[in-house]
Amino acid sequence: MSALRRKFGEDYQVVNTSRSMTFSAPVKRKRQRFVEKNGRCNVQHGNLGGETSRYLSDLFTTLVDLKWRWNLLIFILTYTVAWLVMASMWWVIAYIRGDLSSTGHDPSYTPCVANVYNFPSAFLFFIETEATIGYGSRYITEKCPEGIILFLFQSLLGSIVDAFLIGCMFIKMSQPKKRAETLMFSQDAVISQRDGKLCLMFRVGNLRNSHMVSAQIRCKLIKSRQTPEGEFLPLDQCELDVGFGTGADQLFLVSPLTICHEINTNSPFFDLSQRSLMNEQFEIVVILEGIVETTGMTCQARTSYTEDEVLWGHRFLPVMSLEEGFFRVDYSQFHNTFEVPTPPYSVKEQEEKSSLTSPNPVAIAPTLPSPLLGNRVGRRERLLSADHAEHPEDQASRLPSKLQRMSSTKEEHLWRALKTGTALPGGKASSTGDLSLSIQRFRSSSIPAVRHGQPEEQVKLLSLDLDADEGDLVKHRQPTAISTIGAATPAPVPFPSMGSRPEDNLPAKLRKMNADR
């Protein structure tokens, strides 16, 4: 106990779930179970009427499903009756032919079956023939054609009876029902948090060293309910998700595993709390299926948990430990649980509580129009806005292929600096004079130009009034003017003069190309 407290903390207390102990919880009247703890379904079929003949149509399955005492009784009676009937037929043949009388026969008389004088001798002859013992004193002769026909019929009938009864006994003995006895389920299921989510959990284990191939587990919730139309559904079956979508229901059952059902919005336990668990009536049926490794036959183990066997706020004790070169499983702690801190509320109540305590979303302030452009929001104002300005990559994509090859990384940085109004590295202001002459002409023809003012000249946004003269627009589209995109801020952007003419700011190579043109 001290070791467990050091491992799990002082607040945890080991709880023995044995039915011999008494709990402080109020004792509820034991109700009828749909599936027993050993997996037997507590259902009986009655008032079949004329449907009982269906059992005879599938006689082999009917014999296999019978209990062992009835199978043994049918096995013994079938062979006893068959032997008596066939022995009687041999005695009748001997009686008709007169082989039973011991006097009145000449030395040359040949009986049908030698040394058959009464019914016990006829019965022994049949047993010797059926079991192929053949002591040699009793045998059939060639002077008896009816005996030969009966002998053939006896051989065929014996083979059929042997195949049917021995096959039935073999199938019943090889049934994997007893393999399910070595598959264990925990006595109780628990509800606690795992990975921050409320989960219903139970434990399964395999006592044998042979594996269960393709082991799969399923869970059904058995609960009566009433539909919105007023129909009452007794023992309605609902599927519990134990990892079907993620593959967690496929088990590698070499050591005890804890099966987990996450309680969420799709779970039938979405509104189940610790308080409502005391008033609920349901039954959880667990079905474990797999192929027996030694026989290759499918085995199914079942158990069930009622609402009294679901412990809120508990967790299973670990049973695995590392020994010298192997892992050890302690099955003495297989059914034991310990208490853990668990909220007593349902998942539905927790989600409602979290939604009420969550902060309201912050409202997004609307974008105000620029004071430089006034209250008019039109197409031309949006064109001059920095948010709707075209990117230099979009503009460069419209250039001819030759001009695109002339563009360099430095020129792209100049485009961005010219658009945002930032200075170049080294303190130089960006201008179109630093670009190629062909790009200058393309840019000067696609956007409006600005006028030069005093020595401290500034770049200002052009007024796009609808009544502007076309001559002014043509004047501003001269290729020698310095063009730029208007910034979204109302303050003017300073643009220091680099020389008397824009061509003076070009590199020497570009100035020579311009002079040649």
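Every residue, even glycine, has its Cβ placed from backbone N, Cα and C.
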### Task
Have a look at 178-211, 212-245, 416-449, 484-517 and point to the one annotated region 'Disordered' in TrEMBL.
484-517
### Query
According to TrEMBL, which stretch among 12-33, 386-407 corresponds to the feature region 'Disordered'?
386-407
### Task
Work out, from DSSP, the number of helix, strand and coil residues along the domain 'Potassium channel inwardly rectifying transmembrane' (35-176).
87 helix, 4 strand, 51 coil
## Note on the structure
Averaged over the domain 'Inward rectifier potassium channel C-terminal' (183-354), the pLDDT of the predicted model comes to 93
